[in-house]
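Asks: Attaching a single structure in structure tokens format; questions to follow.
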Amino acid sequence: MEGTLSWSYVSSYCFPNPNHYTRWGRIFGPSAFDSIAGASSGIDRTPKLHSGTPSNTADGSPVFGPPSSRKRTHKVNTEVSPHRAVSAVRLLRIEQGGAFADLLSDKGRKALKNEMDYVERTLGFRTRDLEDRDVRLVSDVVGGAVRWRRYLDHLIMSLCNGEKTFRDMEPLLPQILRIGFFEIIKLGMPPYAVVDENVRLAKVSLRPGAGNMENNFLPLPKVEGDERAQARALATIHSHPVWMVRRWTKSLGQEEAVKLMNWNNTDPSFCVRVNLQKGFTRADLVMMLKDMKVPHKVSMYLDDFVRLQTGMQAIIQAGLLKEGLCSVQDESAGLVVSVVDPRPGETIIDCCAAPGGKAVFMASRLRSQGRIWAVDINKARLRVLKETSKIHNVDTVITAIHADLRLFCVNHLMKADKVLLDAPCSGLGVLSKRADLRWNRRLEDLGQLKQLQDELLDSASRLVKPGGILVYSTCSIDPEENEERVAAFLLRHREFAVDPVHRFVPAGFVSAIGFYNSDPIKHSMDGSFAARLIRSVSNSF
């Protein structure tokens, strides 16, 4: 138990509202409200907030409103804190599939203006502009509320009249309650301040009303009973889907599974890779970080990387990403590039390349000598890859190809020295950074992913020249997507054999059979996997 809570405002909204449309109807209209409330039917329930035509925001999601040329009056509410208004609306958008948890962006002030535009369209008013401290709070609160959603909902329901009451709430209310519980329980903010601020936001955003319910104890489920019951309790306490808890408990044991879930629930750290192509060294970055008073540690595993626990916003505002002096890349991804071991003069095919983090790093290792063919099925993500390669001065080395790999390998006879297949996967190794991913993954997804991974591996193998290297990698920690996929591939392709990775990464990352594994608990980085396979010279495909 992390603390007690006295929260009298919860009961104000813990009972079904007989007139849900009172507030929201004025903003969205009934059919739009149905869409936000999660109604499912064949009827088009896209929110029509204004009479204007739809347009796209910076993150690509559609919004509705008057044309930008039309003058608008902005109603500013100075009593509502900006970070709570933005957090509540962003959480609502995440729940409805229109946004991601990460607010940090190199788009700068334009991105922040977009967030406030969403607040105005959703709530009917704006707050004061977001300051740097507000942006950090939004990132912490949104990421935390998404990460701890199952746990927070359990606490909220314990103060309501059961799950039905909670499910019947107006769509914005659960977001406000999650914010409040998270700020008090996880961020340790003073309860009186959180209650006051969130009541104020609720009153101007939802129906008026107040109640007296108080509860000084938030019950947690007990980890007892059979395996299923224990998994359900752990899933609530540590805020993960039950199927993940059962899977990890079975494969890792309960103690290690709890450690993994605790890691996934911590605030993520980030790594920055310097761009040597622009003559910018790690020493240069360290000096700048010291000047900006950003806490940092140089990577123990990669010469070009620096670890950051906080301070990413300062790096963005300093323009280091926009100018291509460095890029955000986890050490686990950098070590996959080490497994590939790109060398000047080589031809490399990156099979699922976009948005391009590994392709750009590999290109920098070629030192302008060699060629990388970056293949991806997603045209929009390929555009990002092209832009990034240009910013990083490696666009002369990288050629982007829009294609389905399964067709590309049939229609093209090219053979490469090395082929990297960074395969689509469950992402179970990056749940700390991808707070929303745990709620978007289902156990059924793994079966479909494994079939796709097998198909892509078969296709990628056709592009490897005799004596060449095929690297299969994922950002998953699940053996079914990793070791088992490689074992199945080797049974189908006798012309390939394991090339142990001990020459390319530190010993602590090498498995007994010569694969690369990064462990979130052991290495304090994202979980990832890579197998290096060599093709026989004599037994060509």
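Quick reminder: no glycine exception, Cβ is built from N, Cα and C everywhere.
No curator has checked TrEMBL annotations; they are predicted automatically.
What TrEMBL records for 43-79 is region 'Disordered'. Sequence annotations record features per position, and here TrEMBL assigns domain 'SAM-dependent MTase RsmB/NOP-type' to 260-536. Annotation comment: TrEMBL describes Cys352, Ala353, Ala354, Pro355, Gly356, Gly357, Lys358, Asp376, Asp404, Asp422 as S-adenosyl-L-methionine binding site. According to TrEMBL, the feature active site, nucleophile maps to Cys475.
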Asks: Looking at the domain 'SAM-dependent MTase RsmB/NOP-type' (260-536) alone, can you tell me the average pLDDT?
Replies: 96
Asks: Fill in the CA-CA distance, Asp404 (S-adenosyl-L-methionine binding site) to Cys475 (active site, nucleophile), as an integer in Å.
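Replies: Cα-Cα, rounded: 21 Å.
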Asks: Return the residues near Cys475 (active site, nucleophile) by Cβ distance under 8 Å, restricted to its own chain and a separation of at least 6 in sequence.
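Replies: The list for Cys475 (active site, nucleophile) reads Ser332, Ala333, Cys425, Gly427, Gly429, Val430, Asp526, Gly527, Ser528, given in order along the sequence.
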Asks: Taking the Cβ of each of the binding-site residues and counting other Cβ atoms inside 10 Å, which one has the highest number: Cys352, Gly356, Lys358, Asp404?
Replies: Gly356
Asks: Using a 10 Å radius around its CB, how many other CB atoms surround Ala354 (S-adenosyl-L-methionine binding site)?
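Replies: Excluding its own Cβ, Ala354 (S-adenosyl-L-methionine binding site) sees 23 Cβ atoms within 10 Å.
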